[in-house]
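Among the features that TrEMBL reports, ATP binding site is placed at Gly162, Gly164, Lys165, Thr166. Positions annotated as domain 'AAA+ ATPase' by TrEMBL: 151-280. Feature annotation from TrEMBL assigns domain 'Chromosomal replication initiator DnaA C-terminal' to 363-432. Among the features that TrEMBL reports, region 'Domain I, interacts with DnaA modulators' is placed at 1-87. Annotation source TrEMBL lists region 'Domain III, AAA+ region' at 118-334. What TrEMBL lists as region 'Domain IV, binds dsDNA' is 335-455.
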Amino acid sequence: MFDINKFWQHFNDEMRERFNEVAYNAWFKNTKPVSYNKETHELKIAVQNPVTKGYWEKNLSTQLIQSAYGYANIEVIPVFQIEGDSSTERLVTPKPQTQPLREKTQRQETNAFVRNLKLNDKYTFDNFVQGEGNKLAAGAALAVADSPGSFYNPLFIFGGVGLGKTHLMQAIGHQMLAERPNAKVVYIQSETFVNDFINSIKNKTQDQFREKYRTCDLLLVDDIQFFAKKEGIQEEFFHTFETLYNDQKQIVMTSDRLPTEIPDLSERLVSRFTWGLQVEITPPDLETRIAILRKKAEAENLIIDDSTLDYIASQVDTNIRELEGALVKVQAHATIEHEDINVNLAREALADLKLVQKNQGLQISKIQEVVANYFQTSTYELKGKKRVRQIVVPRQIAMYLSRELTDSSLPKIGQEFGGKDHTTVMHACDKISREIKTDSDIKTAVFDLKQMLDR
Ligand SMILES: Nc1ncnc2c1ncn2[C@@H]1O[C@H](COP(=O)(O)OP(=O)(O)OP(=O)(O)O)[C@@H](O)[C@H]1O
């Protein structure tokens, strides 16, 4: 009799030995066996999200089959299903991966020159706290670090300012260097690529430029949105990308928005960027913010009780860099005042900071409220799915105004409108922009609403 729970325990024990804690938590902690069919030998396994599913199918199935064979002498057929993923992050599912043109080349370990540019020692997987807003991105980064060049290539991480995109990207670099110290890892800001390219033209050193970028094992390009509208650079990057991709070298990019939202990014780059995986990081919830602060406090040997951590975390809700800044500020205040850190001290230290971002700038929720009132409908309907004209038009106008009057990305707006796709928002924005020119009712409504929102 094959007891799946006992077997699962046995398999997990084996895997715990093989994987470090971060990887173990990512792939096994929330993965559970569901059922085993002794006729068909299908072993159903529930995983949390598509990244985990992909990783299991590609990298862990064989080990599972072997383990089951060793344990009970049966050949199981693993079948994966995604269960209850409440995550708010978006995962843009890859198009079928096009096969690289050339055969995988033997990695050149010897004589490889190390080009470990400015990786921050602190940006490792161990120091990265996983939470709702980043767990898909973290899983994808771990998967890429595990099988560079073959799993999700390129990996495109996008999201707002200070949410850990650079941290995750560099963690992949650290892991590669830990496993292959001679690997050539190139980490750059996209502006560096631009400057290097321009200098190489000026100094007639294009060969060296190409050598630097086209022969690395891992290319990490931060903030790729700065390639917007730079045609020559895009052309050069396209060739860099092609060479690396065809050699099955891993490419990881970050951006504050999706490739389709980067102005004048060439079609062929947009399409290549979608070959792999695009995954979003969204702002951390309170629990994750507390966990991040706790980790930082431990690293600095600071003793801070839970209620104080809770207080600091509640003051900064969108940007982890600012959250860290708040902790430094509290720490400095304690040193100057020669006092222990507690809630009162934290309150004093942060009093002068206008840290709570949610009151800054116009919020999408405010736009929804004003638009709903104007059209005598409700925010509930604006976020809903009804396709009748009396609701569709206000909804599209609200989306258009959210795009015009806030810094929010299309995915973020989609999310605020009941989890709609960014293409729906894009369509609404295009449509209203056109109709303002041709339909005087729409024009008047948008004009009035803008006046109302202009506090
Ligand atoms: N999940 C996390 N766990 C621990 N630290 C984090 C986490 N996310 C972000 N940080 C820390 O927050 C700071 C900002 O992160 P990072 O620079 O990676 O953000 P970013 O998304 O690349 O920002 P930008 O858009 O400005 O480039 C870093 O010090 C990073 O270590």
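Each residue, glycine too, has its Cβ placed from N, Cα and C.
Sequence features annotated in TrEMBL and their locations in the structure.
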residue : record           : Cβ contacts under 8 Å, 6 or more apart
Gly162  : ATP binding site : Thr318, Asn319, Ile320, Arg321, Glu322
Gly164  : ATP binding site : Phe128, Asn134, Ala137, Ile281, Ile320
Lys165  : ATP binding site : Ala137, Ile157, Phe158, Gly159, Asp222, Thr254, Ile281
Thr166  : ATP binding site : Asn120, Tyr123, Asp222, Thr254
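Thr166 (ATP binding site) falls within a helix when secondary structure is assigned with DSSP. Under DSSP, the residues of the region 'Domain IV, binds dsDNA' (335-455) split into helix, strand and coil as follows: 85 helix, 0 strand, 36 coil.
Other than the site residues Gly162, Gly164, Lys165, Thr166, same-chain residues with C-beta atoms no more than 8 angstroms from the centre of those residues' C-beta atoms, the ATP site, are Gly159, Val161, Leu163, His167, Leu168, Thr254, Ile281, Ile320, Arg321. Each residue of the domain 'AAA+ ATPase' (151-280) gets a DSSP state, and the totals for helix, strand and coil are 67 helix, 25 strand, 38 coil.
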